[in-house]
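Asks: Below is a structure I'd like to ask you about.
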(Lines of atoms letter the chains of each structure in order from A and count residues from 1; the text may use other names and numbers.)
(Lines give C-alpha, C1' and ligand atoms only; values in the text may rest on other atoms or scores of the structure.)
Protein backbone atom coordinates (compact mmCIF):
# COMPACT_ATOMS: atom_id res chain seq x y z
CA UNK A 1 0.00 0.00 0.00
CA UNK A 2 1.41 3.38 -1.00
CA UNK A 3 1.64 5.96 1.76
CA UNK A 4 -0.38 9.14 1.10
CA UNK A 5 1.59 12.15 -0.05
CA UNK A 6 1.68 14.88 2.63
CA UNK A 7 -0.28 18.00 1.71
CA UNK A 8 2.21 20.83 1.10
CA UNK A 9 1.91 24.21 2.75
CA UNK A 10 -0.14 26.80 0.83
CA UNK A 11 -2.12 24.00 -0.87
CA UNK A 12 -5.90 24.25 -1.26
CA UNK A 13 -7.92 21.83 0.88
CA UNK A 14 -11.68 21.39 1.45
CA UNK A 15 -11.20 23.52 4.56
CA UNK A 16 -9.24 26.36 3.00
CA UNK A 17 -5.60 27.04 2.23
CA UNK A 18 -3.01 25.65 4.59
CA UNK A 19 -0.72 28.33 6.02
CA UNK A 20 3.02 27.84 5.74
CA UNK A 21 4.44 25.90 8.64
CA UNK A 22 6.21 28.11 11.15
CA UNK A 23 9.42 26.75 12.64
CA UNK A 24 9.28 25.69 16.25
CA UNK A 25 11.12 28.10 18.54
CA UNK A 26 14.41 26.79 19.80
CA UNK A 27 14.32 26.56 23.59
CA UNK A 28 16.99 25.34 25.93
CA UNK A 29 16.05 22.54 28.32
CA UNK A 30 15.23 23.90 31.75
CA UNK A 31 17.79 22.98 34.39
CA UNK A 32 18.73 24.10 37.89
CA UNK A 33 21.43 26.47 36.54
CA UNK A 34 18.86 27.90 34.11
CA UNK A 35 16.39 28.51 36.96
CA UNK A 36 19.14 30.23 38.93
CA UNK A 37 19.87 32.47 35.93
CA UNK A 38 16.20 33.36 35.65
CA UNK A 39 16.01 34.33 39.28
CA UNK A 40 19.21 36.37 39.04
CA UNK A 41 17.70 38.23 36.09
CA UNK A 42 14.46 38.87 37.98
CA UNK A 43 12.38 36.62 35.72
CA UNK A 44 9.57 34.76 37.47
CA UNK A 45 9.54 30.95 37.28
CA UNK A 46 6.28 29.33 36.15
CA UNK A 47 5.09 25.92 37.27
CA UNK A 48 1.91 23.92 36.69
CA UNK A 49 0.77 20.47 37.69
CA UNK A 50 0.52 17.85 34.96
CA UNK A 51 -0.71 14.29 35.21
CA UNK A 52 -0.72 12.92 31.65
CA UNK A 53 1.18 13.07 28.38
CA UNK A 54 -1.15 15.36 26.44
CA UNK A 55 -1.51 18.14 29.00
CA UNK A 56 2.23 17.95 29.71
CA UNK A 57 2.99 18.54 26.03
CA UNK A 58 0.52 21.44 25.83
CA UNK A 59 1.88 23.10 28.98
CA UNK A 60 5.44 22.75 27.73
CA UNK A 61 4.53 24.28 24.36
CA UNK A 62 2.84 27.16 26.19
CA UNK A 63 6.14 28.04 27.87
CA UNK A 64 5.79 26.63 31.38
CA UNK A 65 9.28 26.06 32.81
CA UNK A 66 8.43 23.46 35.46
CA UNK A 67 5.83 20.70 35.51
CA UNK A 68 4.84 19.14 38.82
CA UNK A 69 3.35 15.67 38.91
CA UNK A 70 1.59 16.44 42.16
CA UNK A 71 -0.11 14.04 44.51
CA UNK A 72 -3.00 16.46 44.04
CA UNK A 73 -3.90 14.01 41.28
CA UNK A 74 -5.57 11.98 44.01
CA UNK A 75 -8.16 14.71 44.41
CA UNK A 76 -8.53 16.06 40.86
CA UNK A 77 -8.09 12.80 38.91
CA UNK A 78 -9.10 10.05 41.33
CA UNK A 79 -11.76 11.87 43.34
CA UNK A 80 -10.13 11.20 46.72
CA UNK A 81 -10.93 13.49 49.67
CA UNK A 82 -7.23 14.29 50.23
CA UNK A 83 -3.77 13.41 48.92
CA UNK A 84 -3.16 10.88 51.71
CA UNK A 85 -4.47 7.93 49.69
CA UNK A 86 -2.11 8.36 46.73
CA UNK A 87 0.41 5.54 46.36
CA UNK A 88 3.99 5.56 45.10
CA UNK A 89 2.98 3.27 42.23
CA UNK A 90 0.34 5.79 41.17
CA UNK A 91 2.87 8.61 41.28
CA UNK A 92 5.32 6.59 39.18
CA UNK A 93 2.59 5.81 36.62
CA UNK A 94 1.66 9.46 36.15
CA UNK A 95 5.28 10.62 36.21
CA UNK A 96 6.10 8.21 33.39
CA UNK A 97 3.07 9.44 31.43
CA UNK A 98 4.16 13.07 31.73
CA UNK A 99 7.76 12.22 30.88
CA UNK A 100 6.65 10.39 27.72
CA UNK A 101 4.55 13.38 26.71
CA UNK A 102 7.53 15.69 27.05
CA UNK A 103 9.78 13.28 25.17
CA UNK A 104 7.37 12.99 22.23
CA UNK A 105 7.39 16.75 21.64
CA UNK A 106 11.04 17.26 22.57
CA UNK A 107 9.84 19.25 25.56
CA UNK A 108 12.14 21.38 27.66
CA UNK A 109 10.27 21.59 30.98
CA UNK A 110 11.87 20.63 34.30
CA UNK A 111 9.87 17.68 35.68
CA UNK A 112 9.20 17.40 39.42
CA UNK A 113 7.34 14.52 41.09
CA UNK A 114 5.83 14.40 44.56
CA UNK A 115 6.95 11.80 47.04
CA UNK A 116 3.53 10.68 48.34
CA UNK A 117 2.38 10.21 51.91
CA UNK A 118 4.16 7.35 53.66
CA UNK A 119 6.96 7.05 51.10
CA UNK A 120 9.69 8.94 53.02
CA UNK A 121 8.65 9.37 56.67
CA UNK A 122 10.65 6.33 57.86
CA UNK A 123 13.92 8.04 57.02
CA UNK A 124 16.47 8.78 54.31
CA UNK A 125 16.85 5.20 53.09
CA UNK A 126 13.14 4.79 52.44
CA UNK A 127 13.07 8.22 50.78
CA UNK A 128 15.97 7.23 48.52
CA UNK A 129 14.19 4.07 47.38
CA UNK A 130 11.04 6.05 46.66
CA UNK A 131 12.98 8.79 44.88
CA UNK A 132 14.71 6.22 42.67
CA UNK A 133 11.30 4.91 41.60
CA UNK A 134 10.19 8.39 40.50
CA UNK A 135 13.51 9.34 38.92
CA UNK A 136 13.52 6.10 36.92
CA UNK A 137 10.00 6.99 35.77
CA UNK A 138 11.37 10.22 34.30
CA UNK A 139 11.40 12.85 37.06
CA UNK A 140 14.25 15.37 37.23
CA UNK A 141 13.53 16.28 40.87
CA UNK A 142 11.42 15.00 43.75
CA UNK A 143 9.32 17.07 46.15
CA UNK A 144 8.60 16.28 49.77
CA UNK A 145 6.54 18.02 52.43
CA UNK A 146 7.59 18.90 55.96
CA UNK A 147 9.73 21.11 58.14
CA UNK A 148 13.07 20.63 59.83
CA UNK A 149 12.55 16.93 60.40
CA UNK A 150 12.95 16.39 56.64
CA UNK A 151 16.32 18.19 56.45
CA UNK A 152 18.42 15.03 57.03
CA UNK A 153 16.45 13.29 54.29
CA UNK A 154 16.93 16.23 51.92
CA UNK A 155 20.67 16.19 52.57
CA UNK A 156 20.83 12.41 52.07
CA UNK A 157 19.07 12.62 48.70
CA UNK A 158 21.02 15.62 47.43
CA UNK A 159 24.35 14.03 48.35
CA UNK A 160 23.34 11.05 46.22
CA UNK A 161 22.43 13.09 43.18
CA UNK A 162 18.69 13.54 43.63
CA UNK A 163 17.57 17.19 43.33
CA UNK A 164 14.97 18.08 45.96
CA UNK A 165 12.12 20.57 46.19
CA UNK A 166 10.86 21.12 49.74
CA UNK A 167 7.37 22.25 50.78
CA UNK A 168 6.37 24.41 53.76
CA UNK A 169 3.27 26.21 54.93
CA UNK A 170 0.11 24.27 54.27
CA UNK A 171 1.27 20.70 53.67
CA UNK A 172 -1.71 18.76 52.29
CA UNK A 173 -0.35 15.35 53.34
CA UNK A 174 -0.70 16.42 56.99
CA UNK A 175 -3.91 18.43 56.60
CA UNK A 176 -5.60 16.43 59.36
CA UNK A 177 -2.90 17.40 61.84
CA UNK A 178 -3.14 21.04 60.74
CA UNK A 179 -6.89 21.16 61.35
CA UNK A 180 -7.87 21.69 57.73
CA UNK A 181 -6.83 23.81 54.77
CA UNK A 182 -5.81 26.93 56.69
CA UNK A 183 -3.27 29.69 56.19
CA UNK A 184 -0.02 28.88 58.00
CA UNK A 185 2.57 31.19 59.61
CA UNK A 186 0.20 33.90 60.78
CA UNK A 187 1.41 34.16 64.38
CA UNK A 188 4.85 35.50 65.27
CA UNK A 189 5.86 32.10 66.64
CA UNK A 190 4.67 30.23 63.56
CA UNK A 191 6.41 32.72 61.27
CA UNK A 192 9.70 32.31 63.15
CA UNK A 193 9.41 28.54 62.91
CA UNK A 194 8.77 28.68 59.17
CA UNK A 195 11.76 30.96 58.59
CA UNK A 196 13.98 28.62 60.61
CA UNK A 197 12.74 25.55 58.75
CA UNK A 198 13.29 27.23 55.39
CA UNK A 199 16.89 28.01 56.30
CA UNK A 200 17.44 24.42 57.46
CA UNK A 201 16.13 23.08 54.17
CA UNK A 202 18.31 25.42 52.11
CA UNK A 203 21.34 24.41 54.16
CA UNK A 204 20.45 20.75 53.57
CA UNK A 205 20.59 21.35 49.82
CA UNK A 206 16.98 21.89 48.74
CA UNK A 207 17.09 23.73 45.42
CA UNK A 208 13.43 24.76 45.42
CA UNK A 209 10.81 25.40 48.09
CA UNK A 210 7.05 25.49 47.62
CA UNK A 211 5.36 27.92 50.02
CA UNK A 212 1.64 27.17 50.23
CA UNK A 213 -0.97 29.41 51.87
CA UNK A 214 1.54 31.58 53.70
CA UNK A 215 1.04 35.33 54.31
CA UNK A 216 2.50 37.32 51.42
CA UNK A 217 4.79 39.38 53.65
CA UNK A 218 6.27 36.27 55.26
CA UNK A 219 6.74 34.55 51.90
CA UNK A 220 8.62 37.57 50.56
CA UNK A 221 10.88 37.62 53.65
CA UNK A 222 11.63 33.91 53.28
CA UNK A 223 12.38 34.37 49.58
CA UNK A 224 14.82 37.20 50.26
CA UNK A 225 16.60 35.06 52.87
CA UNK A 226 17.12 32.07 50.54
CA UNK A 227 19.53 32.97 47.73
CA UNK A 228 20.25 29.32 46.85
CA UNK A 229 16.70 27.97 47.10
CA UNK A 230 14.03 29.22 44.69
CA UNK A 231 10.66 29.75 46.34
CA UNK A 232 7.52 28.82 44.42
CA UNK A 233 4.33 30.27 45.80
CA UNK A 234 0.77 29.00 45.80
CA UNK A 235 -1.41 31.29 47.83
CA UNK A 236 1.74 33.02 49.10
CA UNK A 237 1.62 36.33 47.27
CA UNK A 238 3.67 37.79 44.46
CA UNK A 239 7.02 38.05 46.24
CA UNK A 240 8.22 34.50 45.63
CA UNK A 241 10.67 33.51 42.88
CA UNK A 242 7.90 31.74 40.99
CA UNK A 243 4.31 30.54 41.04
CA UNK A 244 2.52 27.21 40.78
CA UNK A 245 -1.14 26.32 40.33
CA UNK A 246 -3.04 23.08 40.01
CA UNK A 247 -3.88 22.75 36.31
CA UNK A 248 -7.55 22.06 36.96
CA UNK A 249 -7.88 25.15 39.18
CA UNK A 250 -6.44 27.51 36.57
CA UNK A 251 -8.69 25.99 33.91
CA UNK A 252 -11.76 26.31 36.15
CA UNK A 253 -12.63 22.61 35.90
CA UNK A 254 -12.17 21.40 39.46
CA UNK A 255 -14.86 19.50 41.38
CA UNK A 256 -15.59 22.29 43.84
CA UNK A 257 -15.15 25.99 44.40
CA UNK A 258 -11.91 27.46 43.09
CA UNK A 259 -9.56 28.35 45.95
CA UNK A 260 -8.96 32.02 46.70
CA UNK A 261 -5.39 31.90 45.40
CA UNK A 262 -6.38 30.53 41.97
CA UNK A 263 -7.70 32.26 38.86
CA UNK A 264 -9.75 30.80 36.02
CA UNK A 265 -7.56 31.61 33.02
CA UNK A 266 -9.77 29.54 30.72
CA UNK A 267 -12.75 31.89 31.08
CA UNK A 268 -11.42 34.31 28.48
CA UNK A 269 -8.76 32.26 26.69
CA UNK A 270 -10.87 30.04 24.45
CA UNK A 271 -8.44 27.12 24.51
CA UNK A 272 -6.36 25.16 26.99
CA UNK A 273 -3.10 26.29 25.43
CA UNK A 274 -4.34 29.88 25.36
CA UNK A 275 -5.23 29.69 29.05
CA UNK A 276 -1.82 28.33 29.98
CA UNK A 277 -0.08 30.97 27.87
CA UNK A 278 -2.15 33.64 29.62
CA UNK A 279 -1.07 32.22 32.99
CA UNK A 280 2.60 32.27 31.98
CA UNK A 281 2.36 35.83 30.69
CA UNK A 282 0.51 37.04 33.79
CA UNK A 283 3.11 35.55 36.13
CA UNK A 284 6.02 36.91 34.09
CA UNK A 285 4.48 40.39 33.97
CA UNK A 286 3.68 40.44 37.69
CA UNK A 287 -0.08 40.57 37.11
CA UNK A 288 -0.68 37.25 38.84
CA UNK A 289 -1.06 36.74 41.66
CA UNK A 290 -2.70 39.97 42.76
CA UNK A 291 -1.94 40.19 46.47
CA UNK A 292 -5.22 42.01 47.08
CA UNK A 293 -7.20 39.12 45.59
CA UNK A 294 -5.15 35.94 45.80
CA UNK A 295 -3.11 36.21 49.00
CA UNK A 296 -3.33 36.78 52.74
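Each residue, glycine too, has its Cβ placed from N, Cα and C.
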Asks: Which of 143, 257 shares the 3-methyl-2-oxobutanoate site with 71, 72, 114 per Swiss-Prot?
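Replies: The candidate from 143, 257 that Swiss-Prot ties to 3-methyl-2-oxobutanoate along with 71, 72, 114 is 143.
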Asks: Per Swiss-Prot, which of 1-29, 30-58 is region 'Disordered'?
Replies: 1-29
Asks: Cα of residue 114 (Mg(2+) binding site) to Cα of residue 143 (3-methyl-2-oxobutanoate binding site): how many Å, rounded?
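Replies: Cα of residue 114 (Mg(2+) binding site) to Cα of residue 143 (3-methyl-2-oxobutanoate binding site) measures 5 Å after rounding.
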Asks: Relative to the Cβ position of residue 114 (Mg(2+) binding site), how many further Cβ atoms are located within 10 Å?
Replies: 31
Asks: Taking only the Cα atoms, work out how far residue 72 (3-methyl-2-oxobutanoate binding site) lies from residue 145 (Mg(2+) binding site), in Å, as a whole number.
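Replies: Rounded to the nearest whole number, the Cα-Cα distance is 13 Å.
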Asks: Same-chain residues six or more away whose CB lies under 8 A from the CB of residue 143 (3-methyl-2-oxobutanoate binding site)?
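Replies: Expected: 68, 70, 112, 113, 114, 115, 164, 165, 166, 167, 208, 210.
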